[in-house]
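Some notes on the structure that comes next.
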Amino acid sequence: MEQILNHPWEISEKEAIVLQYSLAEKVIKQDEFTEVNYVAGVDVAYSKRSDSLIAAVVILEVNSLKPVESVVIEDKVRFPYVPGLFSFRELPPIVKAFKRIKIKPDLIVCDGQGIAHPRRFGLACHLGVLLDTPTIGCGKTRLIGTFVEPESQRGSYSPLIDNSEVIGKVLRTQNNVKPIFVSIGHRISLETSCKWILELSPKYRLPETTRQADHLVKTTLT
DNA sequence: GCGACAG
DNA sequence: ATCTTGTCGC
């Protein structure tokens, strides 16, 4: 698929932060799409053997949740892991993988936060803006924000709050299982994001999109 | 100064 | 992320 926006990746931490403030203004926080036939899952892992990053993108047919296309690529590391600047480490290989994808997904589910980020521009926002595609941020753990534990039943949620602003939802996808952190990536509302995450997580804590992408990377790492 | 900190 | 022992809650 096509990348509609580009910028340099070989930059300093200070420049990256400035770029985040600038790109954050492009994030659309409301629903801006119609039908969903294909959803994309993404995952990246570090290979210490080759000192490189392995990125996987998988496209699922939305009713069967079965993969219809996938790409796995390897890329060099060009940025350290810094909380808040995660996308500058993981997006180069992810974008590279998406460029080889033929089926344009109607929705992307990221393994990382959206606007639940210090500068309201997590990895999910960054990817969504670069590809101009509806994107959901979905984290296993919290980056910022405060919350009360949601009820133990699947579908329960509580707001994730930073500076008295709702930046996401802490959502229970399975009964009595640790909740996940959902936030807006791009071109989708928080409510619609949670609706989709629940639909994509009928049986496990994490949505099928990230589970399948995760499995794809781990298989490749051998 | 000290703790927190997506993967 | 990945590794790994002791601790805590049900």
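Positions of Cβ are set from backbone N, Cα and C atoms, glycine also.
Automatic, uncurated: that is what TrEMBL annotation is.
As recorded in TrEMBL:
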BINDING   A:ASP43, A:ASP111  Mg(2+) binding site
SITE      A:TYR81  site 'Interaction with target DNA'
Problem - Where A:TYR81 (site 'Interaction with target DNA') sits in the secondary structure, as DSSP reduces it to three classes - result: coil
Practice task
Report, in whole Å, the straight Cα-to-Cα distance of A:TYR81 (site 'Interaction with target DNA') from A:ASP111 (Mg(2+) binding site).
Solution key: 15
Problem - Protein Cβ atoms within 10 Å of A:TYR81 (site 'Interaction with target DNA'), excluding its own - result: 11
Completion exercise
Within the same chain, the residues at least 6 apart in sequence whose Cβ is under 8 angstroms from that of A:ASP43 (Mg(2+) binding site) are A:ALA55, A:ALA56, A:ASP111, A:THR210, A:ALA213, A:ASP214, A:LEU216, A:VAL217
